[in-house]
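Colleague: I have a structure here, written as structure tokens, and I will follow up with some questions on it.
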Amino acid sequence: MSTNPKPQRKTKRNTNRRPQDVKFPGGGQIVGGVYLLPRRGPRLGVRATRKTSERSQPRGRRQPIPKDRRSTGKSWGKPGYPWPLYGNEGLGWAGWLLSPRGSRPSWGPNDPRHRSRNVGKVIDTLTCGFADLMGYIPVVGAPLGGVARALAHGVRVLEDGVNYATGNLPGCSFSIFLLALLSCITVPVSAVQVKNTSNSYMVTNDCSNDSITWQLQGAVLHVPGCVPCEKVGNMSRCWIPVSPNVAVRQPGALTQGLRTHIDMVVVSATLCSALYVGDLCGGVMLAAQMFIVSPQHHWFVQECNCSIYPGAITGHRMAWDMMMNWSPTATMILAYAMRVPEVIIDIISGAHWGVMFGLAYFSMQGAWAKVVVILLLAAGVDANTRTVAGSAAATTRGFTSMFSSGSKQNLQLINTNGSWHINRTALNCNDSLNTGFIASLFYVNRFNSSGCPHRLSVCRSIEAFRIGWGTLQYEDNVTNPEDMRPYCWHYPPKPCGIVPARSVCGPVYCFTPSPVVVGTTDARGVPTYTWGENETDVFLLNSTRPPRGSWFGCTWMNSTGFTKTCGAPPCRIRADFNASTDLLCPTDCFRKHSDATYIKCGSGPWLTPKCMVDYPYRLWHYPCTVNYSIFKIRMYVGGVEHRLTAACNFTRGDPCNLEDRDRSQLSPLLHSTTEWAILPCTYSDLPALSTGLLHLHQNIVDVQYMYGLSPALTKYVVRWEWVVLLFLLLADARVCA
């Protein structure tokens, strides 16, 4: 048995009454009645060594090593913490005015503002603040606040999805930079430039003022698919394209003023990165894009028609040119890399202090990727080119066999009270496509066309109408007299509906734009096979334009020999429409309104003011088109391919300058390896593969070139967004939410 005294239970009497340690928020404490300063040593990660005066004191409860916590995000939206953007005072007063009780909605631990960063702080502040204000409204505040909070959580889910999709890398900037950069490295299909001549519109390759993005003294950044045309005094001259969207006044002009801009961009981005204000600089850079206007150094006009008639190119020359450009990207990168040693010497000798400062700073930081970007950026300034091969000799194409004659029909036109129709005795309404009537259409050589000049005298050319402006509008209430003259391209048809089969002679053709024959049905749409003999047999022609509907319009002949039409609503090309002087466009009216395409405004067989869809009963419905020429075409409507033939009214005596050309939205067939087949005196809005421009034949009116030679240094596009993205990358600007 041990002789040691039995330990006594501690009570208030036998316990030494020593003052307890009192700790202060600043880190100091009172030990033995003496205030001790906060412990020395590192703040985080390592325990400080106890001083000699502290070693005799009892060690308190072991505190865990404090961890470094992000200072942003956790305090957002919690009670007692201020709202960002100085919104606390405003929201507090607004809540007090709206609800005397001043109750604040409870978000709980899932407050969207807890996970906000950078741009997300602004977004979540607005959405959550709106939800708080909704909750302050008396009586209905609870349901409205709940709905608003649900919307705020939904926005936060979208932001989290964006962060996850972009990789959620530290800073979140590099991944978004790569995504945006990939979207910029493209060779886009350029838009066709349109010139307003005050009376009509015409196609051109000259850049409009809206197409000029940025101007330097000797270079211009513009949208792809045009060439700047500068007017100096009374002379207009085309600039030299060095890429699809960069042009220079003379060779070498691009490098004269670009070095200063490179210095400014690099030094600004380096300072933003060094001062840790990359987010602020990036926001200022992005916001400035809305207000900065390009300086006006030049007067650009649309009078040159640059490269519109380049001359013919042989297939051998196109193959050689494409073979020389098999690897333009590798060649460009190799040329840049080979110039880096020379560029370093040029930077020092040329006193490019901005580039030198950026190279020095990012080298000390170990950001070698940014060093490479700056070197390649500087290397691209001094690049030049040398012509290797000369231009190919132009080849000519004869006029022989250019047009094929149309079909002829032995019919006679009758004028009854000013209305023209086919003689009733020539009609056999029961003929079908399998009888001898179709054969007679093509083998009868005589046609009495003496009434055609009188009949077509009421038809007007497109030049007779006023030019359009503004947004296209549809005319749903087309009211034409009984003889609405469908043989004139500019007479719009009435809306399609239900047509009794007994009033129709022959088949009903509808245009998708390919011609299709519509069969008879009953009122419910069930097909009937009685040749329209029953009174209940009808043609259901109701439809809207493709691709939403079935057809653009329909044509048939009634039992008295009159041609009838119906179609989708035509387009109003002017807000101040006047029926006597203005055009209700039922086709492609490019020369009066650049937005009036056949896809938007087409109402029947007329593809252009001079061309219509060819179909077996064309000469029965439109006998005065007997001398039209036939062309094979291909169109895409809503992703569906249509191969059909078109009949066009064009002879060699008709004018066909640029201002006389209509637009045909075709996917052209090929005449040869370098030539597209288009409708006569039109143009297709598909640019050439190599230049992005329109290249037409000056003498042959149905040829458009699909390939053109260009003095461009590179086929890739230099976009203004590249400059913004490089600045954001160098400045460490983060754009994640």
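Backbone N, Cα and C atoms are what each Cβ position is placed from, and that goes for glycine too.
Swiss-Prot lists these features:
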COMPBIAS  7-16  compositional bias 'Basic residues'
MOD_RES   Ser53  phosphoserine
MOD_RES   Ser99  phosphoserine
MOD_RES   Ser116  phosphoserine
TRANSMEM  169-189  transmembrane segment
TOPO_DOM  190-358  topological domain 'Lumenal'
CARBOHYD  Asn196  N-linked glycosylation site
CARBOHYD  Asn209  N-linked glycosylation site
CARBOHYD  Asn234  N-linked glycosylation site
CARBOHYD  Asn305  N-linked glycosylation site
TRANSMEM  359-379  transmembrane segment
TOPO_DOM  380-729  topological domain 'Lumenal'
CARBOHYD  Asn417  N-linked glycosylation site
CARBOHYD  Asn423  N-linked glycosylation site
CARBOHYD  Asn430  N-linked glycosylation site
CARBOHYD  Asn448  N-linked glycosylation site
CARBOHYD  Asn542  N-linked glycosylation site
REGION    546-553  region 'CD81-binding 2'
CARBOHYD  Asn558  N-linked glycosylation site
CARBOHYD  Asn627  N-linked glycosylation site
CARBOHYD  Asn649  N-linked glycosylation site
TRANSMEM  730-737  transmembrane segment
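Help me picture where these features are in the structure shown.
Modeller: The Cβ of Asn196 (N-linked glycosylation site) has 13 neighbouring Cβ atoms from other residues within 10 Å, across all protein chains displayed. Annotation note: Asn196 (N-linked glycosylation site) sits in a strand segment as assigned by DSSP.
Under the three-state DSSP scheme, Asn209 (N-linked glycosylation site) falls in the helix class.
The Cβ of Asn234 (N-linked glycosylation site) lies under 8 Å from no Cβ of any same-chain residue at least six residues away in sequence.
In the three-state DSSP assignment, the secondary structure recorded for Asn305 (N-linked glycosylation site) is coil.
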Colleague: Rank aside, I only need the closest one: which of the glycosylation sites Asn196, Asn542, Asn649 has its C-alpha nearest to that of Asn209 (N-linked glycosylation site)?
Modeller: Asn196
Colleague: Which residues does Asn558 (N-linked glycosylation site) neighbour through Cβ under 8 Å, counting only same-chain ones at least six apart?
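Modeller: In sequence order, the residues whose Cβ lies under 8 Å from that of Asn558 (N-linked glycosylation site) (at least 6 apart) are Ser503, Val504, Cys505, Lys564.
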Colleague: How many of the residues that make up the region 'CD81-binding 2' (546-553) does DSSP mark as helix, as strand and as coil?
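Modeller: Helix/strand/coil tally for the region 'CD81-binding 2' (546-553): 0 helix, 1 strand, 7 coil.
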Colleague: Any same-chain residues 6+ apart from Asn305 (N-linked glycosylation site) with CB under 8 Å of its CB? Would you list them in sequence order, or say none?
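Modeller: Those within reach of Asn305 (N-linked glycosylation site), by Cβ under 8 Å and sequence separation of 6 or more, are Thr204, Asn205, Asp206, Leu658.
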Colleague: Looking only at the region 'CD81-binding 2' (546-553), what is the mean pLDDT?
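Modeller: Across the region 'CD81-binding 2' (546-553), the average pLDDT comes out at 90.
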Colleague: If you run the three-state DSSP split on Asn558 (N-linked glycosylation site), which class comes out?
Modeller: strand
